[in-house]
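Chemist: Please see the structure below; I have some questions.
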C-alpha cells in the first residue's frame, strides 16, 4: 500500500473499472489513485457520465474494480467475499442516496432500523437508537409515517438517520440535494456539516460546485480520470464536544448471539413477506389457488380412499370376515362338482373341534317360493347352522335367530331379511314375528328378522334362512352339504389357517376333492384395487399441485424483478446474500403454507358436501394426511421458491440500486 498515513481510511491504487458493451468494453474509470483521510469532508465533482458515481460505488463496496487495489482502514478488499463486503458496508459505511431509496412497506422508524437488524442489535437497542436519530433530525412527529406520507426533505432525513444507524465511520452521499428544494437542500448540507464536525468522514458526489465548496477537499473527475484534487483554503474546526448524532451510542452495546441474531433477521424477513403479500392480495391469492386446489384434492382423495376402505370393511363384516368357505370340486366352474358327495356334516363337526376355529356352519341352498295370503314371491332358501349368523356378522333386528336346538330338531323356524317385510306384508305394520308363511308347500314360522346381507350382487330375489337340517329333510331330501363356512379365530392368520384346514380335509377325504375360498384374499384384492385407484387420483391431484408450484416460481420471479431496487437497498445497508435468500424463500414458503392450510379446509369442505348429500361413502380425514399435506406444501415452497430467491441473493448491489 502506497499510503503510509496512519489516518488514511480509504486508499485506492491504480483503480480501473470497465463495463462490457457488446463485444467490447467501455472504460469508465482510468488509473484512479486516491487517499482519503479519516475525518475529511471530500466532494467528488464531475459532469454526468464522468465516472463519479462509479467511483462512489467502488468506495462504498457496492461494486468491484476491474483492476487495481483498494484498502479500507488497512484491509484490502480484492479477496473479500460477498458477505465480507456486506459486513464492511454494514459496519463502516452509511449511504445517503439522491432518490432516498426508502422501503414503502415500512415506516420511517422501520427504515432506519434495517441496518441494525442485519448488524444483530437487540430490538430495544435499535428502536431507541432509531427514535433518537429521527428526533435529532426533527422527525419526532413523523416516526410512524410511511415514505409516501413524507416530503422529499423528510425522506432524505430518514435516509440520513438510516446511514447513521450503525455508527458509520464513512458517510457516502450521492447527490444529497439533487432532488430537494433549496431550503431542504440547505438543511441536509447543515446536517452533513454537523456530522463532519463530529469527526466522521464525509464523501459527497455532486455536480454542483456550491455544494462542493462546503467540503475540505474537492476532487474533480472527467472522463474517468481525476483532473484536480484541491484542498479548501478555509480550514474548518472539528470538535467532538457535541455528539449530536450519537457517534458513541453503539460502542457499549453488545450485538445478539448468532442464534438470536438469526431469529431477528428471520422475523424481519417474515414480516416483510407478509407486507409484500398484503400489498398484492389478489395476485397472492391467485398464486395460492394452484396450491389450494392441489392440496385440497390430495386431502379429499386420501380421505375418500380411507372412507372407501372403511365401507368395504363394513360390507365384509356382513359377508363374514376372516372366514373360509369350503366347496366341492376344483373350482366354481368344475362340471364334476355336483357329483362330489364327500363334503358332509361330519366334516363340519370335525372342523369345529380345531383350536384355531371359532365357528363352523354347513350350508346348502334351494330355490322356491314364499307365500303369505295372496302374496307370493320367489326366494332362495339358505340352509345354515346356528353359527352361520355369527360367522357372517349378522344380528337380529327383530325376534331371535335359531339355535342349536332348532338345528337338532329340524325346526321350521324361519329368519327373513328386512327387505322381505315390504313384499310379504305390504299393508301391515304389525310385527311379523310368529306369523306362519309357506315356503314351497312347507308351513314355517317367522322367528326373526335381520338386515339384508351385502353380497355385492344385483339379484332382486329374496333370501330366507332355515336350519340346514330342515332344508335337507323338507326340501332336498339328502344329507349332502354343499358348502361349509369356517370362522377363523381373530388371532390366527387366515392364510395359515387355510393351509391347515386343507391338510386336515385331505387327510379325512383321502384326496383334495374340494377348494377353499378365503375371504381375506378377496378382501385384500379389493383393498389393493382401492389403494391403486386412490393413488392414481392422488397422483393427478399432485400434478395439479406441481403446476401450482410452478405458478409460485413464476410469481416469485416477477416479485424479484419488481423489488430489485429493495434488494439493492438492503444489500447497501449490510444484508448478506443469505439474508436476501432467506427473505424471498420465506415469502415463497409462506404462500405455499397458507395455500396448503386453505387447501386442507377446502378438502374438508368436500367431505361436508358428501354428508350434506348423504353419499353412501363418508370421507375420513387423518392427522397424518394433514401433516403430510402441510409438509408437502412447504417443500413445494422450498423447491419452487429457491431458484428465484437465489437469483435475488446473487444480484450485484450496484445493478440492483440502479433499477427502479
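Yeah, the Cβs are placed from backbone N, Cα and C, and that goes for glycine too.
As annotated by Swiss-Prot, domain 'ABC transporter' applies to 10-248, with the evidence given as sequence analysis. Marked as ATP binding site by Swiss-Prot: 46, 47, 48, 49, 50, 51, 52, 53. Under the heading transmembrane segment, Swiss-Prot lists 285-305, 532-552, 593-613, 625-645.
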Chemist: Top stretch among 285-305, 532-552, 625-645 for CB pairs under 8 A with the transmembrane segment (593-613)?
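Modeler: Stretch with the highest Cβ contact count: 285-305.
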Chemist: Cβ distance under 8 Å to residue 52 (ATP binding site), same chain, sequence separation 6 or more: which residues?
Modeler: 44, 45, 46, 205, 207, 221
Chemist: May I ask which residues of the same chain, at least 6 positions away in sequence, place their Cβ under 8 angstroms from the Cβ of residue 49 (ATP binding site)?
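Modeler: None - residue 49 (ATP binding site) has no non-local Cβ neighbours under 8 Å at 6 or more residues apart.
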Chemist: Judged by the number of other CB atoms within 10 angstroms, which among 48, 50, 53 is the least packed of the binding-site residues?
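Modeler: Checked 48, 50, 53; of these binding-site residues, fewest Cβ neighbours within 10 Å: 48.
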Chemist: Can you check how the pLDDT averages out over the domain 'ABC transporter' (10-248)?
Modeler: 88
Chemist: Using DSSP with the three-state reduction, classify residue 53 (ATP binding site) as helix, strand or coil.
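Modeler: It is helical.
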Chemist: Among all protein chains shown, how many Cβ atoms are found within 10 Å of the Cβ of residue 46 (ATP binding site), not counting that one?
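Modeler: The answer is 22 other Cβ atoms.
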Chemist: So for residue 51 (ATP binding site), how many other CB atoms are inside 10 Å of its CB?
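Modeler: 23, counting other Cβ atoms within 10 Å of residue 51 (ATP binding site).
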Chemist: According to DSSP, which kind of secondary structure is residue 47 (ATP binding site) found in, if we only use helix, strand and coil?
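Modeler: Reduced to three states, the DSSP call for residue 47 (ATP binding site) is coil.
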Chemist: What is the Cβ neighbour count of residue 47 (ATP binding site) at a 10 Å cut-off, with all protein chains included?
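Modeler: For residue 47 (ATP binding site), the count of other Cβ atoms within 10 Å is 12.
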